[in-house]
Amino acid sequence: MESCNCIEPQWPADELLMRYQYISDFFIALAYFSIPLELIYFVKKSAVFPYRWVLVQFGAFIVLCGATHLINLWTFTMHSRTVAIVMTAAKVLTAAVSCATALMLVHIIPDLLSVKTRELFLKNKAAELDREMGLIRTQEETGRHVRMLTHEIRSTLDRHTILKTTLVELGRTLGLEECALWMPTRSGVELQLSYTLHHQNPFGFTVPIQLPVINQVFSTNRAVKISPNSPVAKLRPSGKYMQGEVVAVRVPLLHLSNFQINDWPELSTKRYALMVLMLPSDSARQWHVHELELVEVVADQVAVALSHAAILEESMRARDLLMDQNVALDLARREAETAVRARNDFLAVMNHEMRTPMHAIVALSSLLQETELTPEQRLMVETILKSSNLLATLINDVLDLSRLEDGSLQLDIEPFDLHGLFKEVINLIKPIASVKKLFVTLSMSSDLPEYAIGDEKRLMQIMLNVVGNAVKFSREGGISISASVAKSDSLRDPRAPDFFPVLSDNHFYLRVQVKDTGSGISPQDIPKLFTKFAQSQSLAAKNSGGSGLGLAICKRFVNLMDGHIWLESEGLGKGCTAIFMVKLGLRGRSNEAKLQYVSRAPVNHVRTNFTGLKVIVMDDNGVSRMVTKGLLVHLGCDVATVSSGDECLKVVNNEHKVVFMDVSIPGIDIYAVAVRIHEKFARRRDRPLIVALTGNTDRVTKESCMRVGMDGVILKPVSVDKMRSVLSELLDHGVLLEAQ
């Protein structure tokens, strides 16, 4: 046998098994060779792929494995030694590459795992971001619906429209089958069906407010799912196969303790209304979270809108009430003004009508007093004159009080001689005090200004009233008067908490104290003396006379002068002290200022005879005209009397020196007559002096007379002495310096 370079198989092979192995190795080799081709295609198509060298190594491993299986095909038959050597080399290379690949995978797998972990993390983050975006979109949609609903709800401030609009918009936005609002009743123990989506007049249904389902909803501010069969949800028609889900939410109501709304209860504690929302029946739809949030937000918005509506309703009601009150106040004001005008007109008429007969009484009594009378007759005439003067004082007090109360009386603020005023008061009081054998003393502090600015006439009236009361109620002893500048520490009086004096460089407070040794006053009677028509019972019992108006008027005059007046007495029989303070202005003590006051001083020498002085008296009242004529004739005047303005203009000529005219003649503009008299005489020296006779004590009458060029004003009634003084001043100065 010929020798061959062949290796025989170590074991005998079964032909069928060998065939299957042969076929399997072929396909394994084919698969191994296809995998590197696919990897090469994948790497080429991938733009970014890590570990390419690993893939090359892995491809080499696969190729070697495939080559090993391919070479192994020749080992199933008789093969040469060369095949065995190639087979061995392929297996050695395959083993080397396999070990290297295995070692490399130990380092690569952790990196691959970390990449996979990051991939999973990114996937989770992407999923979470998708969910958040979904929530944001849901919230944006919910916000859009809320803004739309809020706009619709707040487009009106009528609460009925607000509630009805809320139900309609919620039903449209959420696709509701029914929506209802239950409001608390006046008693607060029940809820009443007030508004629904599909019923126009749902009133009449009530449920107890203590139901468990209602307490459950009221206990939280979240929307709560309730049973479709609960009493507040039984609003849909029966027969539905499956009722939709129902939620309820509370609607806070405004705390109404400060508001009274017509058909709402007055709630002293926090209460709620109940809103019930129902999804369509026979549907699988359920409430979503964003829908519940929408319902909760809308409930809060409705509460805010209802509070605004309630405040608006209350403000409108308050406005209407205020308008009604203003109308009533305006009506009352007009009625009060009408009453004041009627009172003033009445007082003016009564003043004129009362002074006319008083003028006759005083004038004729004074004429009678200058005739030869027996002592008894003279006493009677003097009594008549005193009574007439008392009545005139009472009339003046009533008129002053009337003007003080209605605010029409104003102070005449002018410079005056303060020291001279006190001396004049003493000169007027001393004759009366001497009759009762009373001494009167005056003490003025060294720092008291000689001149001041204020209402001299009213200050004189206060002084005469207070000092006159001291003389009136004193039977023995005397009256001491002290005047000084009030110091800052003595300005405040605890009895007058409302008196707040303020010192300045241009003003000072005059403090006057009048102390008497009279009958005194009971302490409990002191406050009453400053009220109208009030007198101390002890003084009234002594029948001292007076109307009870003097101190009341003094208090009002003092108040007008930013001052304060009060009385002090330790009791009956212990005398009394009257103290008052008034605010006066300061004036420089220049020589020019002194000359001004000297020119206003009263004349010391009064004429007693006016023989041949031609005078005209114009008065529509015959008695008053006759009385005035009698006074002038008694003084020696040549008197002509007229009853009208036209008659006066015809009679008056350049020989007449004085014209007395009553300014209260009905139907005659006395001021126009005065102007026409002025126009009648071209030269001033030919024009007669014009003097007004009036019963009005107000400043307006005096200013009106001065404005048309009259030379003086005389207040009725007029006595012989008063007429004599008037004529003397007219002839000496050509004008009356002050109203007489």
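From the backbone N, Cα and C atoms, a Cβ is placed for every residue, glycine too.
Listed features, source TrEMBL:
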type: TRANSMEM; residues: 20-41; note: transmembrane segment
type: TRANSMEM; residues: 53-71; note: transmembrane segment
type: BINDING; residues: Cys65, His69; note: Cu cation binding site
type: TRANSMEM; residues: 83-109; note: transmembrane segment
type: DOMAIN; residues: 349-588; note: domain 'Histidine kinase'
type: BINDING; residues: Asn469, Ala470, Val471, Lys472, Asp516, Lys532, Ser547, Leu551; note: ADP binding site
type: DOMAIN; residues: 614-731; note: domain 'Response regulatory'
type: MOD_RES; residues: Asp662; note: 4-aspartylphosphate
type: CROSSLNK; residues: Lys716; note: ubiquitin cross-link
Report summary line: The number of other Cβ atoms within 10 Å of the Cβ of Asp516 (ADP binding site), counted over all protein chains shown, is 26
Query - Rounded to the nearest Å - Cα separation of Leu551 (ADP binding site) and His69 (Cu cation binding site) - result: 145
Report summary line: Residues near Val471 (ADP binding site) by Cβ (under 8 Å) yet at least 6 apart in sequence within the same chain, in sequence order, are Ile429, Ile432, Ala433, Lys436, Leu438, Val440, Ile479, Asp516
Query raised in the report: Distance between Lys716 (ubiquitin cross-link) and His69 (Cu cation binding site) at the Cα atoms, whole Å?
Result: 159
Report summary line: Top of the binding-site residues Cys65, Ala470, Leu551 by count of other CB atoms within 10 A is Ala470
Report summary line: Taking only the CA atoms, the spacing between Lys472 (ADP binding site) and Cys65 (Cu cation binding site), expressed in whole angstrom, is 153
Query raised in the report: Within 10 Å of the Cβ of Lys716 (ubiquitin cross-link), how many other Cβ atoms are there?
Result: 25
Query raised in the report: For the domain 'Response regulatory' (614-731), what's the model's average pLDDT?
Result: 86
Query raised in the report: Minimum Cβ neighbour count within 10 Å among the binding-site residues His69, Lys472: which residue?
Result: Lys472
Query raised in the report: Which residue counts does DSSP give the domain 'Response regulatory' (614-731) for helix, strand and coil?
Result: 55 helix, 25 strand, 38 coil
Requested in this report: Give the distance between the Cα atoms of His69 (Cu cation binding site) and Asn469 (ADP binding site), rounded to the nearest whole Å.
Outcome: 153
Report summary line: Expressed in Å to no decimal places, the gap between the Cα atoms of Cys65 (Cu cation binding site) and Asn469 (ADP binding site) is 148
